[in-house]
Amino acid sequence: MNTSTKLICQKLFAEMLCSCIFGFAVYSAILNTKASNSSISSTTVGLTVCFSSISLIYTFCDHSVAHFNPAITIAAICTGKLDILLGIGYVIAQLIGFILATLLTVVCFPYGYLKTMEFIASARISDDISTVNLFFTEFILSFILVFIAFEVGINAIREPGVTLFVGIKQIDRSKFAPLTIGITLGFLAFLASTTSGGAFNPGIVWGPAIMGGNFDDFVIYIISELSGGLLGAFIQVFLLFK
């Protein structure tokens, strides 16, 4: 194995591990709150998403893209910010990571396989939530997340001559990206506790759906998250001239 191939394998493994840890953290928080009928479920999940994402981005950003979200990675591919083949590899690694995360929850919690999958599956909170409600909730949350991820991390530096502030030295905000993105993930998790549940990550939806065989609203989640993420990326890259 040559050095280049080894480096790519390390990047993909790191992204898989990163996604697995994030998925396990989120699924565990969901299981702990749903199984106990906790009245502070949205707070618990929101804080878990926030803190885990901050630590994981800081930890893995030197090894991989540390997206642990196919919506972000696909948006980076479509805007030319990430090599196509490597990006596809990252997406596959993320999906494998989330599948492993779902299996880890099964062996760590005493609810049995099917019940565990039922608890962690992404689903509309009640029958009162329409398909339109579900779609636009996930669309908007994904839009916000990907836009901010591009603004502070993926595409944080304007190209020379394109900035609106000609002659003014640009500030590199990428060093604050893990903190900013983590806080964003945290507050977004609070916004959909009565509608879609707040997934805004196709990987989070993918794991339990594939392993549990429950594809109710699966397509709606995936399409809304990917399209919302793409819009956020396109606006940041092309309309803001960055």
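Cβ coordinates come from backbone N, Cα and C, glycine included.
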Confirm whether, per Swiss-Prot, ILE204 lies on the same side of the membrane as ALA35. yes
Quick check for me: are there 3+ Cβ pairs below 8 Å between the transmembrane segment (218-238) and the transmembrane segment (134-154), leaving out pairs under 6 residues apart? yes
Cβ contacts under 8 Å made by the topological domain 'Cytoplasmic' (1-11) with residues that lie 6+ beyond its boundaries: 63-65, 86, 89-90
Under a criterion of three or more Cβ pairs within a distance under 8 Å and sequence separation of at least 6, are the transmembrane segment (176-196) and the transmembrane segment (84-104) in contact? no
